[in-house]
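To start, the structure under review is shown below, and the notes come after it.
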Amino acid sequence: MQLLLSLASFAAAAWGLVVLEELPHVPHGWNAVGRVHDNSSVTLHAALKYQNLDRLEAELAAVSTPCSPRYGQYQDLRHQWGMFGPSNESDSKVRNWLQRSGTQDIQSDGQTVSFKTTVGHAKSMLNADFQVYKRGSEARLRTRAYSVPDDLADHIDLIAPTTYFGSMQPHSVIPERIPMDSLEQQTKRDELEEHTKRDNLQPSCLTTYVSSRTNRTYEAITPECLKQLYNTVGYDADPKSGSNIAFANFLEESPSYSDLHLFEKEFNIPQQDFEILALINGGVNDQDPQTETDGEANLDVQNIIGLVDGLPVYTYITGGRGPLVPDLLSPNASADTNEPYLEYFSYLLRQPNSKIPHVLSHSYGDHENTVPERYAARICNQAGLLGLRGRSVLFSTGDEGTGAVCRDNSGGNLYGHPEFTPQFPGTCPYVTAVGGTQAYNPEVAWNATGSGFSRYFPTAFYQKNAVNKYLSTYINPEAKAYYQANNYTDFQGRGVPDVAAHSLYPYYLIYVNGSRALSGGTSAAVPVFSSIVALLNDARFRAGKPALGFLNPWLYSSASALDDVTQGAAVGCNGVDLQNSNPVPGGGIIPYASWNATVAWDPATGLGTPDFQKMKSSALAGCPGKNGGGWHWGWNGGHGW
């Protein structure tokens, strides 16, 4: 079979074609079972290459670093499109190629050329061998390789769906749904007095819930307690300041208005609704009170509205599924849950600045090594382009600690060398990756917080000093040598997380389908941290300053404005998925796998958790003093991915 693939590549070259992508093996669990009729229809999408990506990182650093003379001078749609948008030549060449080949149904938005054709036509055009592959009950039309004319190779990033198979999940933990009429609320004031983090933390902000069904007792953190924990008490936001926030929904998730109103009533929050800005790629606003796909969305919106003090809250609902390479946690159709980031980010980048909220919170992710590298690079660059527009893009790091599958799956080998498996898009250097903490006196690293170092992206420019300090001073030397000797991680990779917030223990109380539910995870941490950013933007706007935009250069230069977390550790790679406590058959086992929380930045909790008042002072002060942080303006190069 490998020989046949090599011959196909040779033939492509002989015909003036370039193999754009190819799989060396059929991914584990998938088997070719037959072919569809050549007259069957198929819709494909050709993502056009952006221009001047070698300038992206330098431009992003210039507008995002407080000491830069261009700090806060963000691009608008027209400026960005002129600098980075795919060229008219690319769009024209790809459309002309399709037209010459006889393709009739062609649409282009300037970033992606979509076309509907027949399978037989696609096979001929792309020198592809489309077959039906099955895994369990799921069937897909895929090819192991495809080619484009050699004069188009510099104009097309990728064509999808073609070569990729795979899976994913939201980053939330829900132990059980508790019927409202079986729940008794209690507050253990004497015990809570012992857990105060700050002098102004009131014990009444934490409550306990007892389920009469299980007789188990759960401690829950409330919005008021989060305000005290992260020092926003006494700050009054102005809903008309211009600051706002949005959260993204994928995988058929829709936030519920009725559940939000119950949450607001529970915690005496003035009633506020969210606005759906767009239904993207066939997304559906499902307000059925009994829908099973609103737990993640409700966790996001309820956390945000509990903290932003009336600032406008928006959401996007994106339908469809994106491409992945399968791993051990995607053995059946029900696990195929990768989000269509490409459609989502492409939609945002087509909007004028006035139509894009300033803070974008995302509680989803995929095992990095299941995401095609071309696809990951495309999404990461799109996140960077949003940063150039003055938008803060935040992603959760996941709930599997050092990893669950913990296998190198390159070349389609799912049982490859054991390795730590961080999650994308959190590993993208152009997003702010939010990890998780637990407890509150003190806050410590949550044992399941997503963590580690990317295999796709190198150490980010803004974190080199912080990561180098960790590797030279704070990591256990024996652990470092052990991980390096066995190639369990890549210390030259982008380190995650950047920051952290409360994830679990105590749980978050939310409403789902009209009932109280307990939840948590980094899916809770990212909307909490994003809400703090929205409040910081409120303060900046009222002071006549622009939005914070891409956060990381400011965060790493103002690390003292966050509360360092120095206790606890992220663990994993032990044959168990920490998100749900299920075993991972065939998962890589790495003895003693962990990332400890340490002084300064570490790959468990990043720079630490937010202290709003200290962060506000830093955000309003402008360029920090030379002794105020870990990275300062002084750009010496740049690139995109």
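Glycine is treated like the rest: Cβ placed from N, Cα and C.
Unlike curated entries, TrEMBL annotations are predicted automatically.
The signal peptide annotation in TrEMBL covers 1-16.
The domain 'Peptidase S53' annotation in TrEMBL covers 220-622.
A helical conformation is recorded for GLU296 (active site, charge relay system) in the three-state DSSP classification. Under the heading active site, charge relay system, TrEMBL lists GLU296 (among others).
The active site, charge relay system annotation in TrEMBL covers ASP300 (among others).
Positions annotated as active site, charge relay system by TrEMBL: SER523 (among others).
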| Here are some active-site residues: GLU296, ASP300. Which one has the most Cβ atoms within 10 Å of its Cβ? | ASP300
| message | With every protein chain in view, what's the tally of Cβ atoms within 10 Å of the Cβ of SER523 (active site, charge relay system), excluding that atom itself? | response | 32
